[in-house]
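Below is one structure, written out as structure tokens; comments come after it.
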Amino acid sequence: MHKSNSTINIYSQGRKTMAKGGFVLAILALVAVQSLAGDPSPVQDFCVADLKSEIFVNGLPCKNPELATPDDFFFAGLDKPSNTDNKVGFNVTLVNAARLPGLNTLGVSIARLDYAPYGLNPPHTHPRGTEVLTVIEGTLLAGFISSNPDNKLFLKTLHPGDVFIFPVGLIHFQFNAGDSPAVAIAGFSSQNPGLIVIADALFDSNPPIPDDVLEKALQVDKKIIEALKAQHKV
């Protein structure tokens, strides 16, 4: 029994539609996977960083797993406060793959954040990782700003035991709102989340950003730019 031409055309068009639909779904699935990706996923139990290697790769090269020891997965010192005697009254003890080699390829890192009374962790971003902040001691005013065009500020007062999220790449800050020291622990979704302090990038780049550019961008007089650069380098 033969199919009519009209039946064959409908059948053929249906197969083409299904093929196009399958292609679209495959593209969407690929985009979804890429959008969820952070650090590269490990393809073995662990990849202890070889900090003495001169090989340059995206991350850190592995040492022979047979040479791994328990100390490669151990770090001591997050119980100790860091020195906050500086202009902003803040300091951080970051434990990333460079300090804890066993973190290499695992896509996480951790930090202790210490704040002097009224100390500030200045506006900054982490280009490669989302941050989960947990307050241990003190009271922190924490916030982040959404991207253009909204530039919406999400601001919250945090107390011991409170948790706050800073999405990857967004500008954020913390301020110690009390007259006693504060402590927080931060977790990151990257073995090396990176750090861009906004003021450092603008006023202490190497070589310097031309004053004309900063004047136009910030809409202020050149004398103010010069004063900000001078104060920032003190």
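Each residue, glycine too, has its Cβ placed from N, Cα and C.
Note that TrEMBL annotation is computational and uncurated.
Record features, source TrEMBL:
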type	residues	note
SIGNAL	1-37	signal peptide
DISULFID	C47-C62	disulfide bond
DOMAIN	76-226	domain 'Cupin type-1'
BINDING	N121, H126, E131	oxalate binding site
BINDING	H124, H126, E131, H172	Mn(2+) binding site
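Of the disulfide-bonded residues C47, C62, C47 has the largest number of other Cβ atoms within 10 Å of its own Cβ. The local packing around H172 (Mn(2+) binding site), expressed as other Cβ atoms within 10 Å of its Cβ over all shown chains, amounts to 21. Here N121 (oxalate binding site) is positioned 9 angstrom away from H172 (Mn(2+) binding site), judged by their C-alpha atoms.
Within the same chain, the residues at least 6 positions away from H126 (oxalate binding site) whose Cβ sits under 8 Å from its Cβ are F166, V168, G169, F188, S190, P193, G194, L195, I196, listed in sequence order. On a Cα basis, C62 (disulfide bond) lies 33 Å away from N121 (oxalate binding site). Distance between Cα atoms for C62 (disulfide bond) and H124 (Mn(2+) binding site): 31 Å, as a whole number. The oxalate site is set by N121, H126, E131; from the centre of their CB atoms, other residues of the chain with a CB within 8 Å are H124, T125, L133, F166, H172, A186, F188, P193, L195. Here E131 (oxalate binding site) is positioned 12 angstrom away from H124 (Mn(2+) binding site), judged by their C-alpha atoms.
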